[in-house]
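So that you can see what the record holds, here are the features copied from Swiss-Prot:
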- D183: active site (ACT_SITE)
- E267: active site (ACT_SITE)
- C334, C337, C353, C356: Zn(2+) binding site (BINDING)
- D363: active site (ACT_SITE)
Amino acid sequence: MKRLQAFKFQLRPGGQQECEMRRFAGACRFVFNRALARQNENHEAGNKYIPYGKMASWLVEWKNATETQWLKDSPSQPLQQSLKDLERAYKNFFRKRAAFPRFKKRGQNDAFRYPQGVKLDQENSRIFLPKLGWMRYRNSRQVTGVVKNVTVSQSCGKWYISIQTESEVSTPVHPSASMVGLDAGVAKLATLSDGTVFEPVNSFQKNQKKLARLQRQLSRKVKFSNNWQKQKRKIQRLHSCIANIRRDYLHKVTTAVSKNHAMIVIEDLKVSNMSKSAAGTVSQPGRNVRAKSGLNRSILDQGWYEMRRQLAYKQLWRGGQVLAVPPAYTSQRCAYCGHTAKENRLSQSKFRCQVCGYTANADVNGARNILAAGHAVLACGEMVQSGRPLKQEPTEMIQATA
């Protein structure tokens with residue numbers, strides 16, 4: 001089987017190279033935005049979507065135009081890749097996978113991609129990029145496989161390179177034969193049906209006061225001044241640090257779970273729906289807005305979607321599988337007798353069945369219900385719906401996160 005893998009390193013460009021990279025990223029952003037604007041005009045005129053083949057001719061037209069001849073100074077392939085990114089964004093929108101494409105803003109996700117023409121010298125920790133030349137990078141691990149494309153990106157004032165490779169590997173067979181249910185939560189990041197518990201790292205919560213202080217300082221500075229730019233970079237670095245802490249911890253958790261279990265059953269949680277604002281409208285204001293806002297922050301701080309993504313590809317690489325089941329009533333159902341009632345969940349950590357008297361940790365009970373749902377799905381050979389797809393947190397948890 002063929003495996004696609006990405007290796008990300010920090011670049012060490014020279015002063016002139018850094019200026020060129022900023023210019024290339026700006027050119028790619030310009031091409032993307034201008035093509036999107038033309039697509040919008042075409043749509044308003046009542047015409048159909050214009051595919052990539054036609055958009056590529058626009059690029060030739062813009063390069064020959066007097067006011068945009070500066071596009072010739074940028075490599076052609078990254079500009080073409082920007083148009084392909086726009087085409088992919090439209091396809092995702094048509095398939096209802098993403099929202100309608102939006103214009104790119106300067107300083108946010110500045111990047112450009114080379115599909116070919118790249119040379120990698122791992123022994124000397126350097127890479128050759130068209131129109132940029134040889135550039136050093138922080139070589140932290142060996143790149144394996146055939147290089148398919150290279151993406152250069154900027155984050156918090158630093159430049160990074162992502163090298164995507166393709167390699168041929170034998171079909172993996174997972175060393176374990178066990179199956180486990182995983183219950184994701186706020187008080188506990190993940191609880192397994194065998195009783196294993198992974199505590200949350202809460203990287204945002206731990207840095208929330210520092211972030212608020214930096215944002216207050218930013219509000220007192222003149223917008224777009226040098227001091228304002230410096231303060232904004234401090235906030236960006238803190239956000240990056242928070243995300244890195246969360247991602248690193250999730251990698252450790254998902255690796256530990258993936259190594260020990262061939263089949264992992266999780267809840268099919270809709271995080272975007274669960275973390276929607278409760279503010280409501282002027283005519284119909286929401287209730288418990290502050291408490292819901294605190295719960296939303298706690299949910300997003302855990303990184304449930306990222307944990308699911310990591311589990312999926314790690315299981316694929318190890319020969320295992322991830323199975324998503326409907327999350328309805330897993331926190332209210334007794335894992336022993338199957339009785340489902342809201343009163344069974346006494347608190348965040350306590351579960352006691354009102355019928356059979358079964359007592360257990362609430363998260364462990366939920367994980368066992370998830371495992372049982374996974375067994376039912378495998379037995380039936382199809383997804384089993386068991387009510388509305390909603391995972392409820394107890395009232396005391398909502399209050400505690402406010």
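Backbone N, Cα and C define each Cβ position, glycine as well.
Features per Swiss-Prot, on structure.
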{"residue": "D183", "record": "active site", "Cβ contacts under 8 Å, 6 or more apart": "A190, T191, L192, S193, E267, T330, D363, V364, G366, A367, I370"}
{"residue": "C334", "record": "Zn(2+) binding site", "Cβ contacts under 8 Å, 6 or more apart": "T340, N344, F351, C353, V355, C356, Y358, N365"}
{"residue": "C337", "record": "Zn(2+) binding site", "Cβ contacts under 8 Å, 6 or more apart": "C353, V355, C356, Y358"}
(request) Just name the most isolated of the binding-site residues C353, C356, going by other Cβ atoms within 10 Å of its Cβ. (result) C356
(request) Please report the number of other Cβ atoms within 10 Å of the Cβ of D363 (active site). (result) 23
(request) Look up D183 (active site) in the DSSP assignment and reduce it to helix, strand or coil. (result) strand
(request) Indicate whether C337 (Zn(2+) binding site) is helix, strand or coil by DSSP. (result) coil
(request) Give the number of CB atoms, excluding that of E267 (active site) itself, located within 10 Å of its CB. (result) 25
(message) What is the set of residues, excluding C334, C337, C353, C356, whose C-beta falls within 8 angstroms of the centroid of the C-beta atoms at the Zn(2+) site?
(response) A335, Y336, G338, H339, N344, Q354, V355, G357, Y358
